[in-house]
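Working notes for the structure below.
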Amino acid sequence: MSGAALGIEIVVVFFLALFLLHRYGDFKKQQRMVLFGTLLAWYLCFLIVFILPLDVSTTIYKQCLIDHEAHAQTPSVSPVLSNQTTPNTSISPSKRVCYKPWSYIPDGIMPVFWRVVYWTSQCLTWLLLPFMQSYARSGGFSITGKIKTALIENAIYYGTYLFIFGSLLIYVAVHPQWHLSWYGLQTIGITAANTWGLFLLVLLLGYGLVEIPRSYWEASRQGHLLIKTYFKAAKLMTEKADSEENLEDVMEEVRKINELIKYNHPLRKNVDTILRKCPVENQEKMGRNMDDFEDFDDKQTYPTERSLSKLHKQVIYAVQRHNRTRVQWQILLAQAIHLEDVAKNETSTSRQFVHSFAPPEPVGWFRRYIYTPSVEWYWECLLKQWFYRVLSVVLSLFSVAVVWSECTFFSTHPVLSLFAVFIQLAERDYNYLYIEMACFVTIFFLCTCVYSTVFRIRVFNYYYLASHHQTDAYSLQFSGMLFCRLTPPLCLNFLGLIHMDSAISHQAKEQTAYTSIMGSMRVLSFIANGFYIYYPMLIVILCIATYFSLGTRCLNLLGFQQFMGENELTSDLIDEGRELLRRERRKRQRIEDGENRRREWRERSAQRDEIAARNQMSMSEMKETNYGETLNSNTNRQAKYTRSSSQTGRDSIELLQDAEPLDFNAATLNDDPLQSEPGRHAGGRYLSMSSSRSRIFDDV
């Protein structure tokens, strides 16, 4: 099992990253390099989080072996002397046995593994992803043009970091106590990157520690959640209208360019590239300008390739934003309608959950046999609220433990960090499974608070992670950059919380393989002993500011509408959102009623067709019978012709005429306006009496 645990986690983490990328990205439309770069960044970051608990358990096992070897080499002394001089070495024999963990990783594997993962993620976040980000967003029509644009946009970015790195390099070279070497240079680079990441980490973590438990508590209040959904609907409708207007303006510019540049112009291929990025309905309206050959007019002002590149970039952005708001509007409407249904079903006495509209997809076996309407009512109207409340309380306790440990993790005597206490208690009994689970739960909670904030934050319309395949390439790669910058300092911070980082805890213990590739932080003592210890204490201030929604209030004062219950503007947006939901309900109700009427009409038409088929069969049988009787009457008439026999024949003919059935399949005009629509079955009519007479008289 030594390498099986590592291999299983590598595979599981890959599919987890692939699932998230499928949820936010679009495999069919986005560039392969964009998807590959984002997937690799997310995969490496998640891999660090999942593999680090195995590294911790392996390090504890190695420390146990070292302690036992040191204890075996120590000469035996009397118990009294042992308690007076070396109290820490008096270990009972039962605890001197070092059990190898089930997930033990052999020596030499973890250092190489961490080195490859860490340096690959750093190359992605500082070199490749920024370049690919500008490349994907460029409006160039060729690979060379996109590369040129990406290099120009990243020149300032790379120049700033080179200036900072050069300043640190000069500072280390001039300092008399430090000797510049490759190891020291590598440590300085790692320290600078982790310092920048720790600065962002504390900001995001302080927000997530408060907002995640509060979000689950608010989710347990159905009325509050419904009002907040109304507020979001009003804001999203404004954004949706703005995106539609922006798309119309951009399409108008494209139409003018399409009419101006003829098919024989050198830039016509660029215009065709722009047209392919437009929505299908706009492509059908504009089409291609296939006029006859015309000489170029020297007096006519034609756009340049640079202006077309700018227009191409605007088209990509406008189409992406329009599609995103349209999909989000449908999702938000579905959520609001569901919350309204929950509010209506809470007072139901039948305890059967009733939906306002039929589900768009057919009911599967899960909803038919397991998640029945009765089970759905108990979950949505009763159990879900209490489940979210209990979960919110548990997450709040975790948040308090993290805040306390962040403020006290540097204290080793006594040990004040709660997570360090839990790990050391398990270390005494060598309960490796408990150690790995405790480490995984702790680091998973920290990552959830940080990564969920990355998924929630929105920088205007430039960075926005939207689910249901609506995230653009720029935002995907930006999130990959943030993950690669936040994960290494997050892991170092976690190792400091459990006192497994000797650079912070100042304990002579075996270091983890992950810490060994980071180098000794003592090269820059003012960062290791100052910034890394005291800066995380600011998380208390950030948590207090998040709890009282100071950031939300500041954004509201700056003109960015945020959800605030006591604000008048918020109340107006809530009323507007409620009215929008009413309109959408009426619209969907009309559509559903129309579908029901069409379904009933089809069922009625099918019944009429079945009756008509039966009548036709009976009519054909009657005709065959009448034809045989007519032949018999002709034979009798030839034998004896009398006036009474002819009168009997006429009576039988009139009888047949009265008994003629109705033909509902006749393709003739009718007076029903509903039946004149295409695709509908024609109604029935009476058969022509003249045709019936002619056939009967012919037989006679």
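Cβ coordinates come from backbone N, Cα and C, glycine included.
According to TrEMBL, the feature transmembrane segment maps to 6-22 (among others).
Tertiary neighbourhood of the transmembrane segment (34-52): same-chain residues 6, 9-10, 12-14, 16-18, 20-21, 25, 27, 113, 117-118, 120-121, 124-125, 128-129, 132, 136, 439-440, 443-444, 447, 473, 476-477, 479-481, 483-484, 486-488, 491, 494-495, 512, 514, selected by CB-CB distance under 8 Å and a gap of 6+ residues from either end. Summarising the annotation, TrEMBL assigns transmembrane segment to 34-52 (among others).
Residues or ranges marked as transmembrane segment in TrEMBL: 116-135 (among others).
According to TrEMBL, the feature transmembrane segment maps to 155-174 (among others).
Packing against the transmembrane segment (180-210) from elsewhere in the chain are residues 122, 126, 164-165, 168-169, 172-173, 399, 402-403, 446, 448-450, 452-454, 482, 485-490, 492-493, 518-521, 523-524, 527, 531-532, 535-536, 538-539, 541-543, 545-547, 551: each is 6 or more residues past its ends and has a CB under 8 Å from a CB in it. The feature transmembrane segment is assigned by TrEMBL to 180-210 (among others).
For the coiled coil (233-260), the list of distant contacts is 271, 274-275, 278-279, 282, 285-286, 288-289, 300, 302-303, 308, 311, 314-315, 318-319, 321-322, 324-326, 328-329, 332-333, 336, 561, 573-574, 576-577, 580-581: same-chain residues at least six beyond its ends, Cβ to Cβ under 8 Å. The coiled coil feature in TrEMBL is assigned to 233-260.
Nonlocal intrachain contacts for the transmembrane segment (386-404), taken as residues 6+ away from its ends with a CB within less than 8 angstroms of a stretch CB, comprise 205, 209-210, 212-214, 216-217, 219-220, 416-419, 445-446, 449, 497, 539-540, 543. Taken from TrEMBL, the feature transmembrane segment applies to 386-404 (among others).
Residues annotated as transmembrane segment in TrEMBL: 433-454 (among others).
If you look up TrEMBL, you'll see 531-550 (among others) marked as transmembrane segment.
Sequence annotations record features per position, and here TrEMBL assigns compositional bias 'Basic and acidic residues' to 593-612.
Annotation source TrEMBL lists region 'Disordered' at 593-650 (among others).
According to TrEMBL, the compositional bias 'Polar residues' annotation covers 627-650.
Annotation source TrEMBL lists region 'Disordered' at 669-700 (among others).
Same-chain neighbours of the transmembrane segment (531-550): 195, 198-199, 202-203, 205-207, 209-211, 214, 399, 403, 406-407, 409-410, 492-493, 496, 503-504, 521, 564, counting only residues six or more beyond its ends whose CB sits under 8 Å from a CB of the stretch.
In terms of DSSP helix, strand and coil, the compositional bias 'Basic and acidic residues' (593-612) has 20 helix, 0 strand, 0 coil. Residues 33-34, 37, 40-41, 44-45, 47-48, 146-147, 149-151, 153-154, 157-158, 161, 193, 473-474, 477-478, 480-481, 484-485, 487-488, 517 of the same chain lie 6+ residues outside the transmembrane segment (116-135) yet bring a C-beta within less than 8 angstroms of a C-beta in it. Mean pLDDT across the coiled coil (233-260) comes to 91 in this model.
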